[in-house]
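*Asks:* A single structure is presented below for examination.
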């Protein structure tokens with residue numbers, strides 16, 4: 001999308017006079033902004049009565065459409081499902097394989113890291129070579145390597161293969177997003193429902209993964225959890241062959257050899273290498289530093305090289321003709337601010353989930369199945385909140401929804417940070433679970449709807465890659481940072497007297513991350529999303545229909 005396209009897109013966000021020039025700060029400004037936007041973005045009564053919408057032409061029937069929406073939601077949930085499944089059995093795996101705390105953290109962090117590091121490249125690859133074949137390849141490989149994890153014999157095997165699993169999970173997300181964005185082009189209730197279901201994948205995948213893992217581990221052992229994942233995804237792969245439509249970014253008549261030539265000429269291989277090694281070294285350095293020492297030569301080298309590679313990546317993307325992360329998308333102020341506001345909240349969510357599961361295993365001595373049962377209310381609440389979020393995107397100011405989500409994250413993390421091993425589940429963990437998922441559901445619904453319209457239809461997979469790259473890498477960095485804090489606190493005299501101290505410090509990392517969202521929320525100018533609106537051209541005075549169902 002060219003800069004002119006962004007300016008056209010921005011024009012669909014109607015601001016009150018002087019609103020953009022003098023952004024306020026603080027929670028009061030968020031409310032003021034929301035009220036101002038609400039007044040400025042009022043939509044005629046006729047426009048708010050959305051049609052349900054017709055089935056996209058790429059689907060042969062409604063059953064196939066439902067199947068695809070399920071597969072797209074499942075694609076977004078693939079990585080987090082694996083993380084959730086592994087997080088509640090980390091203690092069992094660690095004891096069985098003789099792993100250190102850093103190696104245990106890498107069971108989850110390695111998959112998040114590779115999923116984020118490779119997502120941009122895979123998004124561009126899907127757009128250039130074909131979304132459907134890349135999706136199916138990802139499903140098959142995820143199934144195979146999940147099964148391989150079940151036979152791990154040592155920490156190295158476990159962490160490396162989990163990293164490969166993360167790479168496989170990254171293959172399915174950009175194609176799914178690309179197909180969904182290209183299929184649902186017209187504003188309608190049908191589209192809102194589809195995107196609402198899709199947005200539930202990330203937060204709910206973690207919870208359902210933990211539940212399935214707990215059941216399998218209780219019946220057999222921790223290895224059975226990964227075998228169950230392989231069985232489930234083998235079934236999903238068979239279903240995908242029928243449900244995934246052929247919605248590509250290239251003309252259907254274009255020969256494969258021509259696509260290969262275009263791919264070789266345009267694929268940003270340099271950018272891919274820079275992101276993979278830059279993010280990999282950064283996360284590894286943060287995770288290893290507490291045990292190896294922040295002043296160790298190899299830790300300093302890893303962090304310096306990582307920062308250098310990421311800086312080079314930014315400059316490279318500005319000069320390459322077909323970049324992985326087009327710099328112009330960041331000129332859309334709302335796009336940038338929404339990402340910056342959502343990212344720390346999601347980082348806090350993943351980190352808190354990991355340490356909560358570990359806390360229940362180690363200090364409360366709960367079995368994996370008991371941990372899964374304790375997390376079940378979050379899944380139920382998440383499904384309910386997601387339906388609510390999908391129903392109000394076009395009615396309630398989305399800036400308010402973002403702020404409400406951030407407040408929910410903070411509240412949940414504060415509850416976890418002040419609990420004790422013998423604290424009542426119903427007073428601390430239960431409310432924290434059902435409150436935290438409010439933040440995940442509301443913010444993901446808002447962000448997904450906006451991100452999908454920030455690039456044209458032929459780059460929808462790339463749009464999904466950008467969004468999920470940042471969130472997966474953020475999760476890896478959050479786990480690395482919280483592990484660093486946890487390990488640093490473990491050897492102190494205070495921790496020797498009170499085993500809860502390291503967990504408290506880890507939860508406090510999540511409190512700080514969730515609070516960081518409020519640094520950006522006051523500057524977001526976002527109205528409602530999910531409907532077409534009538535707006536007036538300020539130059540001609542004529543009324544025109546918005547071309548996208550963006551913030552109206």
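Using the three backbone atoms N, Cα and C, a Cβ is placed for every residue, glycine included.
Grabbed the feature section from TrEMBL, which reads as follows:
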- 1-10: compositional bias 'Basic and acidic residues' (COMPBIAS)
- 541-552: compositional bias 'Basic and acidic residues' (COMPBIAS)
- 60-529: domain 'Major facilitator superfamily (MFS) profile' (DOMAIN)
- 1-25: region 'Disordered' (REGION)
- 532-552: region 'Disordered' (REGION)
- 104-122: transmembrane segment (TRANSMEM)
- 134-152: transmembrane segment (TRANSMEM)
- 158-181: transmembrane segment (TRANSMEM)
- 193-216: transmembrane segment (TRANSMEM)
- 266-289: transmembrane segment (TRANSMEM)
- 295-316: transmembrane segment (TRANSMEM)
- 337-359: transmembrane segment (TRANSMEM)
- 371-393: transmembrane segment (TRANSMEM)
- 400-419: transmembrane segment (TRANSMEM)
- 425-444: transmembrane segment (TRANSMEM)
- 465-486: transmembrane segment (TRANSMEM)
- 506-524: transmembrane segment (TRANSMEM)
*Asks:* At a Cβ cut-off of 8 Å, and with pairs 6 or more apart in sequence only, do we get at least 3 pairs between the transmembrane segment (158-181) and the transmembrane segment (465-486), yes or no?
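*Replies:* Since 3 or more Cβ pairs under 8 Å link them, the transmembrane segment (158-181) and the transmembrane segment (465-486) do come into contact.
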*Asks:* Could you name the stretch, out of 193-216, 400-419, 465-486, with the greatest number of CB pairs under 8 A to the transmembrane segment (266-289)?
*Replies:* 465-486
*Asks:* Can you work out which residues elsewhere in the same chain, 6+ from the ends of the transmembrane segment (295-316), have a Cβ less than 8 Å from its Cβ atoms?
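*Replies:* Contacts of the transmembrane segment (295-316) (Cβ under 8 Å, skipping residues fewer than 6 from its ends): 270-271, 274-275, 277-282, 284-286, 288-289, 323.
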*Asks:* By Cβ distance under 8 Å, which residues at least 6 away from the ends of the transmembrane segment (425-444) in the same chain are close to it?
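*Replies:* Here the qualifying positions are 199-200, 202-204, 207, 341-342, 345-346, 349, 352, 356, 360, 374-375, 377-378, 381-382, 385-386, 388-389, 401-402, 404-409, 411-413, 415-416, 418-419, 514.
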*Asks:* Below 8 angstroms Cβ to Cβ, which residues of this chain, lying six or more residues outside the transmembrane segment (465-486), approach it?
*Replies:* 76, 79, 83, 101-102, 105, 108-110, 112-113, 115-117, 119-124, 126, 166, 170, 173-174, 177, 202, 275, 279, 282-284, 286-287, 289-290, 324-325, 329, 339, 342-344, 346-348, 350-351, 354-355, 447-448, 451, 502-503, 505-506, 508-510, 513
*Asks:* At a Cβ cut-off of 8 Å, and with pairs 6 or more apart in sequence only, do we get at least 3 pairs between the transmembrane segment (400-419) and the transmembrane segment (134-152), yes or no?
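*Replies:* The transmembrane segment (134-152) and the transmembrane segment (400-419): touching, no.
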